[in-house]
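According to Swiss-Prot, the protein carries these features:
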- 91, 93, 94, 114, 126, 127, 177, 184, 263: ATP binding site (BINDING)
- 253: active site, proton acceptor (ACT_SITE)
- 254, 263: Mg(2+) binding site (BINDING)
């Protein structure tokens, strides 16, 4: 572990303690004229880095892959994955882990360059990334962080001075991604597919030490690992659903063992409440639609359980039973987390038998009247019932009376209930049309002011500030249906 005291780099490379089949050591491919277009000051400071130093030419070179900080050990990680249900051997096709930053508080975070050039896993790709998708990941990941949804984060975006060629010629860019780790369900699938139980154990032991040290001495630690990952994913997916977030590409290589959201390619936030909402242009069957996300998470976790079967128990039948028993607990844990979150969104402290019905009635009405998901809860929080089809309907007025009498029966005051709602119903989300406006200004006009203003508003989604109101409006009909593309 080497520390550069001026900038604060303090890199370790624990991933290289795994068998070499899990990665390939390879340097990033240099670019012609890197330019820093976005730096995350607050994240840099939390990592123990000095923002002013990071703006210097030598540090910008690091973000571009033209140089490496002391202690860096660049490598591309190998993994597999079910992509829309089809199994493939994969790997970092355009990203490199340059090291693990140890923060002043002793936490460990992967520092990864995304768009850093081809690797042995590129599968004929150029290993590069376009500016628009990299800025998009920056905006959405930082919005998720502000919403208190576990996520990878974005430290910096640099332009490369070189074009990337997709459907058209686009400006190239590299994103510096920060994650608790990049270990995925697909990493375990990769280990299992190769057939080495020793390699599988090495990966499981490393993962436990890194993410779940509290279970290291557990009698059945590999079962405990599966339990912990299920618990974190149940919590994560509940938070997605509560915020109206649609990931769009829940392949097993995009499900982290740490429980963080990763890969912001075709993701988007729901406008009108609709269980069938799909934004991704490639998800033609709606596999990863909003309402399917909990089921797909369970499916992905079942693939993790399958991968762990050789080390769950020496008897295969017993191992299979353990795997099935643990996976069956996901839906119970998810439902519990989602229900608790929904109660908070409606200001319900106590438990009453009809609470489930109260929540379901509201959601059914929202779907029937195509009500905006975020703004409906925002209006309820402000007790500002606007002139919309939902709020004007007789069934909503009846529901509203039931809800108000439910609030009246609580020991806590209505003021406390509305305060809890305010802390759980964001006033602002990264609306798809607003994100596109920011990207258009930055990529086409080299104007980052629109993005900066949007990021500032998104940084405090529960503020209910008048400054944010312009970002609360849903898109005009001309901006629908919104389609996303897997540009990251």
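A Cβ is built for glycine as well, from the same backbone N, Cα and C atoms used for every other residue.
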Query: Out of 94, 177, which of the binding-site residues has the smallest number of neighbouring Cβ atoms within 10 Å?
result: 94
Query: Just the number: how many Å between the Cα atoms of residue 91 (ATP binding site) and the residue listed as 'active site, proton acceptor'?
result: 9
- prompt: Between residue 254 (Mg(2+) binding site) and residue 263 (ATP binding site), how far is it from one CA atom to the other, in Å?
  reply: 6
Statement: As a whole number of Å, the Cα atom of residue 126 (ATP binding site) is distant from the Cα atom of residue 253 (active site, proton acceptor) by 20
- line: If we take the residues 91, 93, 94, 114, 126, 127, 177, 184, 263 that the record assigns to ATP, their largest CA-CA distance in Å comes out at 23
Message: Give me the count of other Cβ atoms within 10 A of the Cβ belonging to the residue listed as 'active site, proton acceptor'.
response: 24
Task: If we count other C-beta atoms within 10 Å, could you say which of the binding-site residues 126, 263 has the fewest?
output: 126
Message: Between the Cα atoms of residue 177 (ATP binding site) and the residue listed as 'active site, proton acceptor', what distance do you get, rounded to the nearest Å?
response: 16
- request: Would you mind reading off the Cα separation of the residue listed as 'active site, proton acceptor' from residue 94 (ATP binding site), to the nearest angstrom?
  value: 14
Statement: Sparsest Cβ environment (other Cβ within 10 Å) among binding-site residues 91, 254 belongs to 254
